[in-house]
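Participant: The following block contains the structure, expressed as structure tokens.
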């Protein structure tokens, strides 16, 4: 036997052994080692093949997920058995058999949903022998629908809300400035709809005009796709600061101007009275209880507007720093609206009660003669009326509070806001009541001393002329 015949015999034996091995079902299944990305609503193809390549038409090919008995797609005896597949995959899968001769199959899944994500088992079965390969599918959805909602600017600042829906999986979201630097979000929220898609929302509360260009940024953590939208904030949105500074400055300027004018007037009257009144006589009258030597009136007069300014500043700071609701709560905007309205009302109340009402009162003293001899009674009446007025207001607040307790449940967040406001207003009214009474008494005391000096002058003139002074008034 020659060498050629020996080599030929060896090749024949090797081929026979290979055919025996193939007929006995010795093979492996290979496929993609990386996750397959599937776009939501699109189609995805999963492939696997035999190694070594061989005919697969006579084999059973099964694709399943968690349970072997619940196939996604089943091919057996040369047919696709759709009746044995999972109901949600009926008419949604196709098995591409163009490369059956090479042992390669492709499963196409149509109209991908969020539930299609996960592991898929590809099984080739030849007789009793089978092998499988596992392919992972990741479903992704990226949305370009991003909206920024800007709430009405209020006394505390500007609130921005960024919304975007239709994401999967949950994306990364953040606020950025024009330089790409991250701005800490006030809050972040997310929810899932019936299709298990994520609806994202985040809030940014800007208290100052430091961020003029704000970017709402989203990123899909699987595909690394990015979506963003920006908003440019005008400086006019923060004009509320200038408005409030102008209001407080105007109030302070008016009160200080009134104070200075009135102080100069009273000082001139004081100096004129000192030049005509015998100090010794007034001191003797003072010892008898008929006259009081007047001190410099501008000290008391100057204290009143100063108290007014500090009262306004104190009340405004108290209302603004008091945290009745957090920014994240649904009634935050309602709280800021009430804060704006009540701040204006309190400014008017403080200015009118501390300055306007006493001014009218003292003008009546000067120009209506019958008020002069009743000044002590009127002084007490003013204080009493202040007390009655604030008592009525506090009583009304208490009644409203009791009615709210009966109408609104304790767990209601709106009731908590009402209760906080009622408590704060009650404290402020008590504080203002004490301020009003003190300023009224101070001004009344000043007026009595002024009237006393006038009486001393009149008595001095009556004594010099020899006429009677009893019962006469100035």
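Glycine too: its Cβ is placed from the backbone N, Cα and C atoms.
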Participant: Could you check which of 221-241, 242-262, 263-283 is flagged in Swiss-Prot as transmembrane segment?
Facilitator: 242-262
Participant: When you measure from the Cβ of residue 216 (disulfide bond), which residues in the chain that are at least 6 apart have a Cβ under 8 Å away?
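Facilitator: Correct list: 146, 148, 162, 164, 173, 175, 202, 228, 229, 230, 231.
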Participant: For the domain 'Ig-like V-type' (27-140), report the average pLDDT of the model, please.
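Facilitator: Summing pLDDT over the domain 'Ig-like V-type' (27-140) and dividing by its length gives 93.
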Participant: Could you tally the C-beta atoms, other than its own, that fall within 10 angstroms of the C-beta of residue 199 (N-linked glycosylation site)?
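Facilitator: Result for residue 199 (N-linked glycosylation site): 15 neighbouring Cβ atoms inside 10 Å.
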Participant: Given the recorded positions 48, 111, 122, state which is nearest to residue 199 (N-linked glycosylation site) when distance is taken between Cα atoms.
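Facilitator: Answer for the nearest of the recorded positions: 111.
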